Amino acid sequence: MVSRNPEIAHLQANYLFVEIGARKKGLLAKNPKADLINLGIGDTTEPIPAVIVEALTKKTKQLGSSTEYTGYGKAIGIQKLREGIAQKMYKNSISADDIFISDGAKPDLGRLQILFGRHSTLAVQDPSYPVYIATSVMTGKTKGYNSDSGQYDAIVYMPCKPENSFCPNLEQLPRTDLIYICSPNNPTGAVLTHQQLKKLVHIAHKNRSLIIFDAAYAGFIRDPSLPRSIYEVEGAEEVAIEVSSFSKLAGFTGVRLGWSVVPRQLHFDDGSSVQQDWIQIVSTFFNSASNIAQAGGLAAISDEGLQQSQILCDYYLDNANILRDAIESAGYTCFGGDNAPYLWTDIKGEKSWELFDRLLHKAHLVTTPGAGFGPTGEGFLRLSAFGKRDQIVEAAQRLKNALSS
Ligand SMILES: *Cc1c(COP(=O)(O)O)cnc(C)c1O
């Protein structure tokens, strides 16, 4: 038999959601009628706006017509969608030629890893979306693996907590090849300011690091002073790749559509073009996003599509408000939720798995323990604002009761 990729055995990335599933099952075995409400999901729950569904349907029908049928498209995506994203999402400050359509931000985060040498080092926010570390490790960036701690010398954790406003202390950051930044952040809900991004871009220039900026939640930013893209900072095109997605913006988590910006100005340390390699990777590992999804994407960036998507995101932000009121009235502090669909609750010194269990058993609520997102996540609980309003209202009441008692 073929030998296993040894790095996958080291990975604990799936541990969090596997463990949550197991504990949920444990409760249901004891109490099969428990009316569980899930505040743990990072998945949309509201239907896709009608104007987008119409476009998806129209494209699907065309595929059934002998005169309108089309097969393979360009691996990098249809030009009209690239141009539309450049115009609507970046006000043409980014060229359509630097935008690459994908089947979502997560698959692109995986494919991006193929760009970088095995000995690349990286810095991640702690807590963070587990995919950054998992994709690095699976592709062999595993220098200095320590089997006791399960950590790697190649990976620098940047603690993000209330004391530093959830922004990494960049002055103290050791140099790494890659710096992963997610803003608005999953799981903390924090959004970095212009000033903070400016500093980040400055450090990347100084250290000759490449930033991977995850903007999957940009559509939730309501404060007009907050940046929605790393490219709002001058000089970012020389040091940053941005991944983004229609998933959370327009309810495309199942449809699958996203994009990455890989500017032509990016170069490896041997002077070669990052974009050229990216085009080669995309053409090899990927054969373009679905033509149906891309037709939906075009509708999503129409004026009406964007307006409807904004209403969709507002719905989740209203959910976040309802949950925040409940948490605060029980005497707890929480962060995020105003420009992101996550609330990050300070649980006053309790262990996050302990509170998880308490809420599961006493209130029949499924949440996400902060410790699952990295060591600095201990002492916090993530609540997702994705969900149906009646369930969120009920969950808020249960939260309030459980946390007050
Ligand atoms: C949901 C999410 C994504 C989006 O993934 P898709 O593959 O586009 O669905 C990307 N990054 C973060 C941090 C996310 O939470």
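All residue numbers here begin at 1 and follow the chain in the order shown.
Each Cβ is built from the backbone N, Cα and C atoms, and glycine gets one as well.
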### Query
According to TrEMBL, TYR15, GLY42, TYR129, ASN186, ASN287, ARG382 bind substrate; which one of LYS106, LYS206, LYS362 is listed for that same site?
LYS106
## Note on the structure
Record-listed substrate binders TYR15, GLY42, LYS106, TYR129, ASN186, ASN287, ARG382 have a maximum CA to CA distance, in Å, of 36
### Query
Looking at the recorded positions TYR72, SER245, SER247, LYS248, which has the shortest Cα distance to ASN287 (substrate binding site)?
TYR72
### Task
Rank the binding-site residues TYR15, TYR72, TYR129 by the number of other Cβ atoms within 10 Å of each Cβ and report the first-ranked residue.
TYR129
### Task
Anything from the binding-site residues TYR15, TYR72, ARG382 with its Cβ under 6 A from ligand 1? List those in sequence order.
none
### Query
Relative to the Cβ of LYS106 (substrate binding site), which residues of the same chain, six or more apart in sequence, are found under 8 Å away?
VAL131
